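Novice: There's a structure below that I have some questions on.
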Amino acid sequence: MSSAAIALTPPAPAKSPKKRAKSPRKKTGLTVSDLILKALSTSTQRGGVSLVALKKALKAGGYDVVKNNARILIAVKRLVTKKSLVQTKGSGASGSFKLNKKPPTPRKRKVVRKKKPKAKKVKRASVKKTAAAGATPAAKKSPKKRRKSKSPKKAKRPAAAKKPKKPKSPKKTKRRVSKTRSAAKK
């Protein structure tokens, strides 16, 4: 009877592991493109700064160039397409770059205003004319316009479908009969 004395309690539900809420990363410092623009603004070279010299300047500023090499290349390409940088030599992310003296002007967006549909005006003049005519409506009827019979247009033929080219069969070689054999048979 010991089993009756022990009260069975339902098992506690298993606790699901707590999910950590993802906190957005806090940006510390400037972005790569800002660092590149800052490095290029301090340069005094007339022909622009090469990519290697740019990486050296970023490294001197405390930026990890080896770890973030791909970010540097992407940022340089993006700055060239945005016309913040001018590429003096090379193509892509290689070559020499300098700041654009004429900063790009932001495009003005055209504001499209929706036109309100105009209410259709009902012609009331036609109602007045028929009421005024009243007594002789048959006299004022306009003669029926005859339709001009149009000659039926010929249906356009669809462009001739190109027939698929058949593969050329190899040429059969004709047997050449020598003159001596043909003369011998006769």
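The backbone N, Cα and C atoms fix where each Cβ goes, glycine too.
Please treat TrEMBL annotations as automatic predictions, because they have not gone through curation.
What TrEMBL records for this protein is below:
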COMPBIAS  16-28  compositional bias 'Basic residues'
COMPBIAS  99-127  compositional bias 'Basic residues'
COMPBIAS  128-140  compositional bias 'Low complexity'
COMPBIAS  141-186  compositional bias 'Basic residues'
DOMAIN    28-101  domain 'H15'
REGION    1-28  region 'Disordered'
REGION    85-186  region 'Disordered'
Novice: Calculate the per-residue pLDDT averaged over the domain 'H15' (28-101) and state the result as an integer.
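Specialist: Mean pLDDT for the domain 'H15' (28-101): 89.
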Novice: When secondary structure is assigned with DSSP, how many helix, strand and coil residues does the domain 'H15' (28-101) contain?
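Specialist: Secondary-structure breakdown of the domain 'H15' (28-101): 34 helix, 11 strand, 29 coil.
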